[in-house]
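For reference, TrEMBL has these:
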TRANSMEM  12-33  transmembrane segment
DOMAIN    17-67  domain 'Amino acid transporter transmembrane'
TRANSMEM  39-69  transmembrane segment
REGION    79-111  region 'Disordered'
COMPBIAS  82-97  compositional bias 'Acidic residues'
COMPBIAS  98-108  compositional bias 'Basic and acidic residues'
TRANSMEM  139-158  transmembrane segment
DOMAIN    141-443  domain 'Amino acid transporter transmembrane'
TRANSMEM  203-223  transmembrane segment
TRANSMEM  235-252  transmembrane segment
TRANSMEM  264-281  transmembrane segment
TRANSMEM  302-329  transmembrane segment
TRANSMEM  349-374  transmembrane segment
TRANSMEM  395-415  transmembrane segment
TRANSMEM  421-442  transmembrane segment
TRANSMEM  466-488  transmembrane segment
Amino acid sequence: MAGGITESGEPYSPFVGLVYMFNLIVGTGALTMPKAFASAGWVVSIALITFLGCMSYMTTTFVIEAMAAANAQLRWKRREQEEVDDSDSTSEYSDDDVMGRGRSEPETKPILSIQRSGGHVDHFDIVERVEMGQMASMFFNKVGLNMFYICIIVYLYGDLAIYAAAVPISLMEVACGNHSCSAGSVKYNDTDPCWGSVTRKDAYRVFLSIFTVMLGPFTFFTAQKTKYLQILTSLMRWIAFTMMIVLALIRIGKGTGEGHPPAASLAGVPNLFGVCVYSFMCQHSLPSLVTPISNKKHVGKLVLLDYVLILGFYVLLSFTAIFCFKSSLLHDMYTLNFTDNCHVLNIPFLRYFLGLFPVFTISTNFPIIAVTLRNNWKTLFYRDGGTYPWVVDRVVFPLITLVPPIVVAFCTHNLESLVGITGAYAGTGIQYIIPASLVFYARRHLEPVVGRDAVNKHRSPFRHSFWVWFVWLWAAFCLMFVTANIILTDTKK
């Protein structure tokens with residue numbers, strides 16, 4: 001996320017880009033959404049998730065516009081440098097000419113003049129992958145850049161804590177859960193026995209320790225996804241989600257659904273907000289997703305279609321869940337509702353498949369996020385020309401990356417709260433504040449050079465500055481609302 005400019009990667013079609021974006025957004029957050037829907041009520045939930053989906057789409061278009069602006073600035077800088085080099089190469093023939101030219105020409109040359117001289121070249125083409133960290137360094141001042149990295153780091157810590165808790169929970173439920181056909185009506189406590197005198201909480205921590213030992217070392221090295229691993233995890237994700245939706249629909253169609261969710265419950269709104277924000281998160285990975293698309297002519301329509309599909313998918317998954325299961329029996333990890341209820345699924349293999357589904361898919365992402373967080377820490381403290389001592393580079397940074405989320409996971413495995421807090425705070429920054437700030441300062445930064453007549457072909461449909469201020473105000477309101485709710489909740493306790 002915090003990297004610099006890299007090649008766009010192997011190009012792919014717009015359809016493949018749509019699939020990649022869908023797979024990126026629909027992840028762990030979707031599994032925690034049904035319980036959040038049940039807590040807030042179905043009317044409130046559908047209204048809030050629709051609104052937040054629209055807000056996320058708006059800020060996604062902001063990031064794409066900022067990417068195009070960053071590409072334009074890079075081309076302008078490169079062209080300007082070429083002209084300076086050409087000027088230096090002729091200086092030995094006429095120093096007076098160079099001095100005169102330096103006094104008569106402006107310090108910067110408008111992109112429009114370069115674009116006209118370059119023929120068909122459009123400087124707003126997105127052909128170089130400029131990550132969000134690079135865009136922040138181009139358009140933000142030092143304070144803004146540091147705030148950007150802090151926000152990214154906090155979000156990644158939350159991500160790691162969620163993943164570190166989700167895998168041991170799934171393993172604990174499979175190892176300790178009662179898989180008889182009457183288990184669906186049982187609500188387990190952490191103090192309930194698992195193996196003799198070993199409680200469920202103890203078993204969770206045992207699995208967390210194993211998870212840490214097995215995947216933690218990847219933080220000290222370089223881990224990368226492979227194409228085939230991505231295909232495999234995507235296939236498993238689609239099988240699992242489709243299976244859960246179909247099974248819930250079958251049960252509801254037979255009239256045996258047990259869910260009777262309320263229409264509205266304001267007490268569940270703050271957590272639902274955090275879950276929804278987290279579940280629409282993709283802005284930080286847009287440069288890697290959008291840049292390789294071969295034909296970006298209709299990328300705006302592509303993104304809109306993706307958001308419509310994702311919104312429909314979330315509503316379908318959550319609504320079938322809240323009307324199929326009692327609200328009090330919905331798990332933080334929705335897959336677990338199918339592992340202990342034979343009335344819904346009585347095939348042992350499929351029950352274990354759904355129970356272990358988060359283990360396989362989440363475990364492959366944990367090392368990637370850990371390495372990304374480690375690199376962000378390094379970039380935050382990086383100084384030009386400086387290098388880190390071996391101990392700091394290979395030991396300290398990996399440890400400060402790995403230890404905090406594991407400690408959080410040891411202290412709590414309440415996934416709904418972890419997702420809610422991560423989405424409400426760091427998610428608000430990444431999904432609202434940073435995209436709005438990037439597009440705002442990108443426009444201000446390029447206008448003196450580009451001129452008012454230049455048109456960014458990837459500009460957001462929400463091009464008026466009102467929408468930027470609206471996003472900023474909405475983000476401020478969200479942060480105050482969530483903070484006030486947490487304070488009031490703690491006061492009541």
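Cβ coordinates come from backbone N, Cα and C, glycine included.
Listed by sequence, the residues of this chain that lie at least six past the ends of the transmembrane segment (466-488) yet keep a Cβ under 8 A from its Cβ atoms are 55, 58-59, 62, 270, 273-274, 424-425, 428-429, 432-433, 435-437, 439-440, 460. Only pairs six or more apart in sequence are counted, and the transmembrane segment (302-329) with the transmembrane segment (235-252) gives three or more Cβ pairs under 8 Å, enough to call it a contact. Segment contact holds for the transmembrane segment (139-158) and the transmembrane segment (421-442), given three or more CB pairs below 8 angstroms at sequence separation of 6 or more. Pairs of Cβ atoms less than 8 Å apart link the transmembrane segment (349-374) most often to 235-252, out of 235-252, 264-281, 395-415. Each residue of the domain 'Amino acid transporter transmembrane' (17-67) gets a DSSP state, and the totals for helix, strand and coil are 48 helix, 0 strand, 3 coil. Below 8 angstroms of C-beta separation, residues 23, 26-27, 30, 313, 316-317, 320-321, 323-325, 334-335, 338, 343-345, 350, 353-354, 357, 360-361 of the same chain, each at least six residues beyond the ends of the transmembrane segment (235-252), sit close to that stretch.
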